[in-house]
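Annotated in TrEMBL:
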COMPBIAS  420-431  compositional bias 'Acidic residues'
DOMAIN    1-88  domain 'SPX'
REGION    411-431  region 'Disordered'
TRANSMEM  193-211  transmembrane segment
TRANSMEM  223-246  transmembrane segment
TRANSMEM  258-275  transmembrane segment
TRANSMEM  281-299  transmembrane segment
TRANSMEM  320-342  transmembrane segment
TRANSMEM  354-372  transmembrane segment
TRANSMEM  457-483  transmembrane segment
TRANSMEM  489-511  transmembrane segment
TRANSMEM  520-540  transmembrane segment
TRANSMEM  546-569  transmembrane segment
TRANSMEM  614-638  transmembrane segment
Amino acid sequence: IEKIVLFLLEQQGQLANRLCDLRQQHDVILQLSNGDSKICELQEAYRGVGHDLLRLLFFVEMNAIGLRKILKKFDKRFGYRFTNYYVKTRANHPYSQLRQVFRHVGIGAVVGAISRNLADLQDHQGNYVSIYDQPALSHPDPIVHSIKAAVNKLSNSTNFLEFLGKHAFIMQDDLRSPSEDDVAEQRYHFMSLLLNLVNTFLYMVNTYIIVPTADDYSLSLGAAATVCGVVIGSMAVAQVFSSVYFSAWSNRSYLRPLVFSSIVLLIGNTLYALAYDLNSIVVLLVGRLFCGLGSARAVNRRYISDCVPHKLRMRASAGFVSASALGMACGPALACLFQTDFKIYKLTFNQETLPGWIMAISWLIYLLWLSISFREPPQEIKQDIIPQEVRAGTVVNYAVENGITQPLLLNTEPKQGENGDQEYDDGEEESCEKTRKPVTSIVSAYRLLTPSVKVQLLVYFMLKYAMEILLAEASVITAYYFIWSTNSVAIFLACLGLTVLPVNIIVGTYISNMFEERQVLLASEIMVLIGILLSFHIGIPYSVPQYVGSALITFVSAEVLEGVNLSLLSRVMSSRLSRGTYNGGLLSTEAGTLARVIADGTITLSGYFGVAKLLNATLVPSLFICISSIIATCFTYNSLY
């Protein structure tokens with residue numbers, strides 16, 4: 001650590017000297033009447049200092065990761081939380097050299113000098129903009145954006161935008177080269193990104209718009225009310241398979257999968273609406289299966305991951321989560337507006353069929369908009385060149401992913417080539433290639449899952465199972481115990497959906513800055529368990545306050561848990577799962593979708609015991625899975641960072 005810190009201070013001093021020299025040139029050039037060509041050269045010189053600073057940050061980050069992994073291995077071998085003691089005794093000590101690594105006062109001063117001088121040179125023709133007085137009017141250079149992103153990543157600062165972005169679980173390749181960022185810039189198109197977010201919003205509306213009326217629709221077609229579990233869950237069943245082929249399809253195209261998705265959803269919603277007049281539960285289920293086959297969320301995630309520049313990706317990820325949350329709230333809310341009953345020719349339009357007709361029209365309009373405005377990104381050209389600073393970080397990352405049996409540190413020092421260039425040996429080159437190569441099968445992806453990742457996926461399964469049980473059976477439970485109307489159920493579900501963004505704001509802005517994410521994870525799991533326990537109907541008459549209170553505790557805690565869980569997953573999951581068909585986003589989607597399928601099946605099977613026993617019968621599996629996930633989290637608690 002001492003060697004790292006002294007080298008860091010030495011390099012900062014050299015950068016400071018270069019900036020002093022450039023400032024003297026800057027003052028001279030501003031006095032010249034025809035110094036435009038010199039100004040361009042000076043701007044490039046400042047950018048050169050910025051690139052060297054970025055390289056220095058890569059060096060510090062690589063060593064910080066190495067230190068953290070070494071401490072984790074000591075924790076495992078000692079069976080004692082050595083890391084807690086080490087960090088606590090050194091983080092705030094006045095002579096601690098760790099403070100130099102994690103508190104970037106000197107680096108901040110260098111960044112300020114670079115950005116201020118670049119802004120002065122950019123607006124040198126009589127239009128001066130101060131980065132202090134009017135920061136919104138200045139136009140920071142791209143190199144300044146890159147440096148700030150590297151500093152934020154190194155200090156692990158958290159805010160609401162970053163929290164939402166991690167909530168989306170759009171896997172990011174932390175070691176992207178500049179050439180890859182240039183490719184993303186070329187592939188980016190704002191309207192295409194907007195169309196992906198609209199697709200996300202409409203699909204979530206499509207998922208939840210039928211929940212308040214699914215039981216009534218089942219009864220109208222001669223089935224039991226609890227068949228609503230199959231009606232709702234059939235969409236999730238199809239989504240298990242559609243996520244895979246859409247993820248594979250997005251390797252070659254983005255437009256064609258979205259067009260196919262829109263057409264399939266148009267057909268599925270039309271069949272769902274026609275089932276009433278055909279008096280066929282089979283047509284109803286086939287319509288919902290078609291809707292599930294049109295799930296393009298894997299394409300939406302891949303577009304943001306591959307086609308949005310790094311500086312905009314966190315905002316796009318936050319937009320993805322916000323669109324999903326808004327769709328989840330709007331779906332049940334729209335069901336309140338369909339309290340009508342009329343016929344046109346032989347087609348019936350009522351509260352049960354109107355969700356299908358409205359969504360079919362929505363997907364038709366979306367399909368037309370998509371055909372006109374979406375721009376297919378150019379095919380990505382693979383780059384084999386890895387920058388020196390990135391290569392070093394990749395080697396360390398490879399060592400981390402190979403587990404405890406590997407040496408604590410790898411020899412990443414370059415060898416001197418014949419022409420004086422730095423070279424890495426063949427083993428390191430192969431390591432770099434291996435860490436960057438995406439997995440090609442679900443089996444390979446599974447082999448990369450460490451115990452902590454598997455536990456995180458179990459937690460994700462648990463929270464999705466608990467939420468689906470709560471939402472899918474709400475109309476049946478409330479009708480049986482409280483005789484709620486469709487309007488009341490729809491308003492209740494919409495209010496639950498509206499809690500998503502406020503809860504994420506609180507967690508992302510405050511809670512995640514006050515507590516470790518693993519602490520929030522465990523506390524949220526316990527709160528979900530409390531919510532499930534309070535939901536049981538035992539002895540005393542079941543009341544509205546008990547149901548609404550327990551539902552609110554379960555749902556809000558599950559939302560907090562989902563955000564923290566996916567944030568942790570994005571850290572502990574292998575970098576090889578950041579791209580390709582079988583990426584981390586697909587694995588988490590499959591875990592959540594499988595949970596919804598099993599939950600909806602549980603509701604239908606429990607219906608055979610009668611509606612009176614439905615509530616407790618569906619809560620028992622939730623309770624068992626929740627307790628199992630808490631136990632598993634406790635066993636892997638020390639490995640969650």
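Here the Cβ of each residue, glycine as well, is placed from N, Cα and C on the backbone.
Cβ atoms under 8 Å from those of the transmembrane segment (281-299) belong to residues 196, 199-200, 203, 206, 217-218, 221-223, 227, 230-232, 234-239, 241-244, 246-247, 249-250, 254, 257-258, 260-265, 267-275, 356, 585-586, 589 of the same chain, restricted to positions at least 6 beyond its ends. The DSSP breakdown of the domain 'SPX' (1-88), given as helix, strand and coil counts, is 79 helix, 0 strand, 9 coil.
By the count of Cβ pairs under 8 Å, the stretch nearest in packing to the transmembrane segment (193-211) among 223-246, 320-342, 354-372, 457-483, 546-569 is 320-342. Contact check: the transmembrane segment (258-275) against the transmembrane segment (354-372) gives at least three Cβ pairs closer than 8 Å, residues 6 or more apart, which meets the contact criterion.
For the domain 'SPX' (1-88), the model gives a mean pLDDT of 80.
Sequence-distant residue pairs (6 or more apart) of the transmembrane segment (457-483) and the transmembrane segment (320-342) include fewer than 3 whose Cβ atoms are under 8 Å, leaving the two stretches without contact.
If one looks beyond the transmembrane segment (354-372) by at least 6 residues along the same chain, the residues whose Cβ comes under 8 Å of a Cβ in the stretch are 195, 198-199, 202, 205-206, 209-210, 213, 255, 258-259, 262-263, 265-266, 269-274, 287, 334-335, 338, 340.
Of the candidate ranges 223-246, 320-342, 546-569, 320-342 contributes the most Cβ pairs within a distance under 8 Å of the transmembrane segment (489-511).
Remote same-chain residues near the transmembrane segment (320-342) are listed as 164-165, 167-168, 170, 197-198, 200-213, 300-301, 304, 348-351, 354-355, 358, 486-487, 489-494, 497-498, 500-501, 504 (criterion: CB distance under 8 Å, separation of at least six residues from the stretch ends). Here the transmembrane segment (546-569) has Cβ contacts under 8 Å with residues 163-164, 166-169, 453, 456-457, 459-460, 463-464, 466-467, 470, 474, 477-478, 481-482, 492, 496, 499-500, 503-504, 507-508, 511-512, 517-518, 520-521, 524-525, 527-528, 530-532, 534-535, 584, 588, 640 of the same chain, all six or more residues outside its ends.
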